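The domain 'Lactate/malate dehydrogenase N-terminal' feature in TrEMBL is assigned to 38-177. Among the features that TrEMBL reports, NAD(+) binding site is placed at GLY44, ALA45, GLY46, ASN47, VAL48, GLY49, ASP69, ASN130, VAL153, SER154, ASN155. Annotated domain 'Lactate/malate dehydrogenase C-terminal' per TrEMBL: 180-342, in sequence order. Taken from TrEMBL, the feature active site, proton acceptor covers HIS210.
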Amino acid sequence: MHPSGSSSSLGPGGLDLTQAFFKPIQRAGLPSPAKRHTKISVIGAGNVGMAIAQTILTQDLADEIVLIDANPDKLRGEMLDLQHAAAFLPRTKIHASVDYELTVGSDLCIVTAGARQNPGESRLDLLQRNVALFKNIIPPLARFSPETILLIVSNPVDVLTYVSWKLSGFPSNRVIGSGTNLDSSRFRFLIADHLDVNAQDVQAYIVGEHGDSSVALWSSISVGGVPILSFLKNQQIAYEKATLEKIHKEVIDSAYEVISLKGYTSWAIGYSVANLARSILRDQRKIHPVSVFANGFYGIEGGDVFLSLPAQLGRGGVLGVTNVHLTDEEAERFRDSANTILDVQSQLGI
């Protein structure tokens, strides 16, 4: 008698649910070859980059971390500050350089670098400067680590994930944007706060753009396995749509509130990105709402675009996108979100 392994087959005849549950993204490639030594490179040693590096260190996700930044003095200071904590951390080699050659052989490259907006500067002008910056970042990362996975955190993340995909020449499954992973965490927190439950028991997604045109998937929210809107309807409990929209607006405005109070966001995005790194490098196959190549989903056919959808992540990057049901209104808003991004991309000349 042969031992049986885990399987995606159910019932007589072995109905395979994997292909039905997950839809592959277009222009994907084969998974990167696995190896034991795990190396992560973080590009940008600002508040966000260092929060990510610190969280990765404390969660023991890498054998080696490389920090890259254009400011050599700050970079060395950050490296030494982390190295001096070696007695309190898992054993991890920490290196820092302005030279991208140090990133060679990285399993995961996390890009947080970005230009700051100048007074009176338009968002498009800022984006053009960030595109110029990425032209000096992405090609060397791809050259020194041709099998790596790119995880883009810099904003506007959806557009810059698209730019990174174009500049790297990588298959779409190996270019991922942090997208609405943090937005969805904020969404779950607010719902949990309203219901006085643990946020981990709330399943809720924000999809589309990481920004003002994001879409809250109210139709698929569940708490402890109970679909919320269906429950309210069955119990004849009235609710106002304006209340739902208010919660979504709180999600959109929450980052602006943090920035207005402390000047920047760092800890939440640090935990969010470390969570994505864990799913990818440990091949956990968890589902995260991240910015992926969205062509072919929910009627998006007008051009190449990256938007957040609930995606299964593993050692091969994006393994598939869940076939989550969207109402007609949600699907229309998702397409509007895509058009918002495409309008911006059309002005970039890439």
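Yeah, the Cβs are placed from backbone N, Cα and C, and that goes for glycine too.
These numbers come from a predicted model, not from an experiment.
On the backbone, the CA of GLY44 (NAD(+) binding site) and the CA of HIS210 (active site, proton acceptor) stand 20 Å apart. Residue annotation for NAD(+) gives GLY44, ALA45, GLY46, ASN47, VAL48, GLY49, ASP69, ASN130, VAL153, SER154, ASN155. The furthest Cα pair among them is separated by 17 Å. Between the CA atoms of ASP69 (NAD(+) binding site) and HIS210 (active site, proton acceptor) there is a gap of 25 Å, rounded to the nearest whole number. Neighbours of GLY44 (NAD(+) binding site), defined as other CB atoms within 10 A of its CB across all chains, total 23.
Cα to Cα, the residue listed as 'active site, proton acceptor' and ASN155 (NAD(+) binding site) are separated by 9 Å. For GLY46 (NAD(+) binding site), the same-chain residues 6+ apart in sequence whose C-beta sits under 8 angstroms from its C-beta are ASP69, THR112, ALA113. Model confidence over the domain 'Lactate/malate dehydrogenase N-terminal' (38-177) is summarised by a mean pLDDT of 94.
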